[in-house]
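Chemist: Following this message is one structure expressed as structure tokens.
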């Protein structure tokens, strides 16, 4: 890319690392004696620390949400379309914090980190995590940054679950929750997709029970298959049909089982191979389990309205018409529960052909609705 950065970019950014030496008790019954969180910030924190916005990432996300690490970077952060001057999360107004969650593989302590007790990577011995664990670790980061109350917490997909959980766990520390393309818990179908993906990894001979780093190998085939399965669920049938149809890679069929014949096959293999070269298999297992386990209403007999009775935040819930992974009906479950609990909520169902991935794609109505809500937040 050009060395001249776009005017609406947050510009060049440098990741920072916060180290915590206080033990963090986890839902699984174990604890981490010490850990690190990598994060980035965009914009300036005001004198009263009232303009802070937390970005919570989805399954394969990370801390680099906006801007560039170098002027020669080919692409900006994963949500650059939404974060920056004049964008929905306007860095002329807000101080934005984006982190890589605990258990991740982009700089925060996770399975690929060295376990100080053994001198080897944690691997499969890294504790199983929950959305609630992430929220507690994020609260410690907020304390470290001098942020008592977030102006808003924003997330899509798994990130939306974290945003919702913040309002439940720390109701006095969140003024606005923007929950996009999410759900209050996974359906049986979603859990099933995650299990297929996990089995692809667990049965890869190179997985070695999660200790593949000790063996100097990577379960790339399992990760590739997991990503291919997941990626299908992120797209709509219409968008796949429009993009690929039944187009062939060449002008004829090969009548074998090994050739890549259809364009959609080539695309999925590319996505899987690219992902398997940058993501950690144990982190993938952790992230999908955190998704499966999330069910905040379980503590109230499945009554989500009762679960949300004590929250104080205002909510913006957004869904996308062709998202079948987290359908609009799942977002409306949250909206209905908030209304039953007599909370302030606005809901926008956006017509988009892009399926679950629509929360990453800056279509006009999405950007307008997102910006309209963020602009009304008083800082």
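Here the Cβ of each residue, glycine as well, is placed from N, Cα and C on the backbone.
OK, Swiss-Prot features for this one:
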- 157: active site, nucleophile (ACT_SITE)
- 323: active site (ACT_SITE)
- 356: active site (ACT_SITE)
- 227, 357: substrate binding site (BINDING)
- 51-360: domain 'AB hydrolase-1' (DOMAIN)
- 325: site 'Important for acyl-CoA specificity' (SITE)
Chemist: Who sits close to residue 357 (substrate binding site): which same-chain residues at least 6 apart have their Cβ under 8 Å from its Cβ?
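Modeler: Result: 234, 235.
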Chemist: What count of other C-beta atoms do you get within 10 angstroms of the C-beta of residue 323 (active site), across all chains shown?
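Modeler: Its Cβ has 27 other Cβ atoms within 10 Å.
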Chemist: So what sits near residue 157 (active site, nucleophile) in its own chain, CB-to-CB under 8 Å and at least six residues off in sequence?
Modeler: 58, 59, 180, 181, 182, 325, 326, 356, 359
Chemist: What is the number of other Cβ atoms found within 10 Å of the Cβ of residue 325 (site 'Important for acyl-CoA specificity')?
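Modeler: Other Cβ atoms found within 10 Å: 22.
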Chemist: Given a separation of at least six residues and a C-beta threshold under 8 Å, show me what packs close to residue 227 (substrate binding site) in the same chain.
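Modeler: Listed in sequence order: 197, 271, 272, 275, 276, 279.
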Chemist: Over the span of the domain 'AB hydrolase-1' (51-360), how high is the average pLDDT in this prediction?
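Modeler: Averaged over the domain 'AB hydrolase-1' (51-360), per-residue pLDDT gives 97.
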Chemist: Indicate whether the residue listed as 'active site, nucleophile' is helix, strand or coil by DSSP.
Modeler: coil
Chemist: Neighbour count, 10 Å Cβ-Cβ cut-off, for residue 356 (active site): what number do you get?
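Modeler: Summing over all protein chains shown, residue 356 (active site) has 23 other Cβ atoms within 10 Å.
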Chemist: If you run the three-state DSSP split on residue 323 (active site), which class comes out?
Modeler: coil
